[in-house]
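Read through the structure below, which is laid out as structure tokens, and then see the notes.
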Amino acid sequence: MGALRWLFWVGLSYLSCCRLPRAEAQFPRVCMTVEAIRSKRCCPALGPDPGNVCGVLQGRGWCQGVQVDTQPWSGPYTLRNVDDRERWPLKFFNQSCWCTGNFAGYNCGDCKFGWTGPDCSVRKPPVVRKNIHSLTVEEREQFLDVLDRAKTTIHPDYVIATQHWMSLLGPSGEEPQIANCSIYNYFVWLHYYSVRDTLLGPGRPFTAIDFSHQGPAFVTWHRYHLLLLERDLQRLMGNESFALPYWDFATGRNTCDVCTDQLFGAPRPDDPGLISLNSRFSRWQIVCNSLDDYNRLVTLCNGSDEGLLQRRPRDSGEQLPTAEDVRRCLSRHEFDSPPFFRNSSFSFRNALEGFNKPEGALNSPMLNLHNLAHSFLNGTRVLPHAAANDPIFVVLHSFTDAIFDEWMKRFHPPDNAWPEELAPIGHNRLYNMVPFFPPVTNDQLFQTAEQLGYTYAIDLPGSLEESQAWAAMVGSTIGGALIALAVLVLLLVLFQHRKQRKGFEPLMNVRFSSKKYMEEA
């Protein structure tokens with residue numbers, strides 16, 4: 001079953017089928033108590049005073065009922081009140097902190113992305129995400145080192161649930177079924193939880209559900225996912241100016257230029273499916289990979305190690321996307337189109353995700369852009385529930401987000417460009433993205449990167465229309481120049497011809513007499 005998940009992604013198996021919180025989220029550790037779980041109330045105090053709930057004494061926020069999207073959804077998930085991610089997060093909590101102004105976080109103790117200061121009123125200079133190949137040696141090592149540290153550092157604020165909501169308090173009803181998790185493994189767990197199957201019983205998964213792919217939320221969900229990791233890494237380093245780099249995978253090549261020991265690890269000579277022992281990533285264990293086992297046991301990924309990271313870039317002639325693919329994708333004016341799913345045509349989102357051809361036409365058996373890059377790298381990354389285990393996931397999605405940001409800046413879409421209803425479950429504009437907590441909607445991330453505190457040092461190709469207009473202008477210029485040259489040549493020919501005719505005329509107009517020299521006149 002797990003091996004078929006990627007085929008489900010690419011459409012080959014159609015039968016299956018703004019208040020920004022603090023760091024990553026399943027649920028804050030402070031809220032995973034028996035009392036909080038039973039009351040469904042996650043409104044922690046800010047600081048030592050228990051009365052300072054949500055920072056209310058400083059005017060930072062207050063505790064209130066969670067707002068959820070009530071609009072109908074479409075798509076293959078037709079069940080109701082079966083999955084604990086429906087109307088997220090009401091199965092777990094129905095009250096949380098609502099933060100005022102630029103305050104944010106599960107207890108309103110932080111600032112929104114892009115803001116700083118004691119009252120969160122100062123705009124931070126945006127951090128700049130750079131091409132990973134343009135980083136200095138120091139910047140590169142800093143990034144790789146902090147990733148490695150995040151793999152082994154327990155997340156300071158959040159824990160993961162190891163059981164579904166009905167079993168969250170354990171057999172006795174007194175023991176929360178939770179586990180600590182490292183910062184990076186938490187990043188992996190969030191992605192897994194957003195794509196995991198709905199369970200109808202032991203070994204009876206309903207696979208036609210995905211909260212982070214195959215719909216409009218693909219771009220906003222992964223954007224927020226990266227922002228959370230970026231902030232966690234900044235805090236781990238003590239460097240608020242740190243920014244995630246990106247990997248420009250639109251090279252058109254059949255080689256992986258980040259699969260080197262200087263970056264994410266070359267193939268291991270004696271087993272090309274594993275990472276070279278010269279790379280720090282050769283030691284990385286994956287988590288959340290055993291989807292079939294979780295389904296059979298009716299449980300969730302608990303963050304346990306499940307084997308070494310694998311990667312085997314394809315050598316069968318398959319090529320990565322090209323810059324022309326990016327250009328064509330950026331030429332799509334419409335953000336998304338009905339049915340807002342993997343079979344949407346002439347949709348920027350679907351072209352970027354990779355179910356459409358870059359020019360917008362639907363071509364289900366084919367992979368493009370984001371999907372093609374995943375498929376090309378092969379190994380652990382091919383399965384969506386486990387894909388984030390490979391650190392290349394971070395830089396691949398950073399580039400995908402850069403394309404999304406470029407599109408936002410070029411077209412300035414209105415809010416209603418995003419469907420309010422009848423997108424697949426989790427993908428309506430005001431749906432709370434699963435499994436982030438406190439709740440954050442798709443709409444809150446549907447803005448330019450600069451508004452969220454970061455930018456990209458990137459020069460993406462112009463749109464197809466711009467290219468065609470440029471080609472037309474160049475063509476008309478060249479055409480005009482050729483016409484002018486032809487006229488000039490014609491004038492020169494006429495001038496030369498005239499000169500030649502004048503050359504055969506007598507220099508003096510002389511009349512000759514028929515009389516001989518000696519005769520009298």
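Glycine too: its Cβ is placed from the backbone N, Cα and C atoms.
Keep in mind that this is a model prediction, so the values were computed, not measured.
The signal peptide annotation in Swiss-Prot covers 1-25.
Annotated topological domain 'Lumenal, melanosome' per Swiss-Prot: 26-474, in sequence order.
According to Swiss-Prot, the feature N-linked glycosylation site maps to Asn94 (among others), an assignment based on sequence analysis. Here the Cβ of Asn94 (N-linked glycosylation site) has 15 other Cβ atoms within 10 Å, regardless of which shown protein chain they belong to.
The Cβ of Asn180 (N-linked glycosylation site) has 14 other Cβ atoms within 10 Å, all protein chains considered. The N-linked glycosylation site annotation in Swiss-Prot covers Asn180 (among others), and the record cites sequence analysis as its basis.
Classification of His213 (Zn(2+) A binding site) by DSSP places it in coil, neither helical nor stranded. Neighbour count (other Cβ atoms within 10 Å of the Cβ, all protein chains): 24 for His213 (Zn(2+) A binding site). Annotation source Swiss-Prot lists Zn(2+) A binding site at His191, His213, His222.
Cβ-based neighbour count (10 Å, all protein chains) for Asn239 (N-linked glycosylation site) stands at 13. Sequence annotations record features per position, and here Swiss-Prot assigns N-linked glycosylation site to Asn239 (among others) based on sequence analysis.
Taken from Swiss-Prot, the feature N-linked glycosylation site covers Asn302 (among others), and the record attributes it to sequence analysis. Just so you know, the Cβ of Asn302 (N-linked glycosylation site) picks up 17 other Cβ atoms within 10 Å once every protein chain is counted.
Following the DSSP three-state reduction, the secondary structure of Asn343 (N-linked glycosylation site) is coil. Annotation comment: Swiss-Prot describes Asn343 (among others) as N-linked glycosylation site, evidence class sequence analysis.
Take the CB of His370 (Zn(2+) B binding site) and look out to 10 A: across all protein chains shown you find 25 other CB atoms. In three-state terms derived from DSSP, His370 (Zn(2+) B binding site) belongs to a helical segment. Taken from Swiss-Prot, the feature Zn(2+) B binding site covers His370, His374, His397.
Listed in sequence order, the residues of the same chain lying 6 or more apart from Asn378 (N-linked glycosylation site) and placing their CB within less than 8 Å of its CB are Arg311, Arg312, Pro313, Arg314. The N-linked glycosylation site annotation in Swiss-Prot covers Asn378 (among others).
Feature annotation from Swiss-Prot assigns transmembrane segment to 475-495.
The feature topological domain 'Cytoplasmic' is assigned by Swiss-Prot to 496-521, with sequence analysis given as support.
Its own atom aside, the Cβ of His374 (Zn(2+) B binding site) has 25 Cβ atoms within 10 angstroms in the protein chains shown. For Asn180 (N-linked glycosylation site), the nearest neighbour among the binding-site residues His191, His213, His222, His370, His374, judged by Cα separation, is His191.
Comparing CA positions across the binding-site residues His191, His213, His222, His370, His374, the one lying closest to Asn302 (N-linked glycosylation site) turns out to be His191. The two recorded residues Asn343 (N-linked glycosylation site) and His397 (Zn(2+) B binding site) have their Cα atoms spaced 22 Å from each other. The Zn(2+) B site is set by His370, His374, His397; from the centre of their CB atoms, other residues of the chain with a CB within 8 Å are His222, Gly354, Leu369, Asn371, Ala373, Ala387, Phe393, Leu396, Thr400.
Counting only the Cα atoms, the space from His222 (Zn(2+) A binding site) to Asn94 (N-linked glycosylation site) is about 25 angstrom.
Cα of His397 (Zn(2+) B binding site) to Cα of His191 (Zn(2+) A binding site): a span of 12 Å. Mean predicted confidence for the topological domain 'Cytoplasmic' (496-521): the pLDDT average there is 44.
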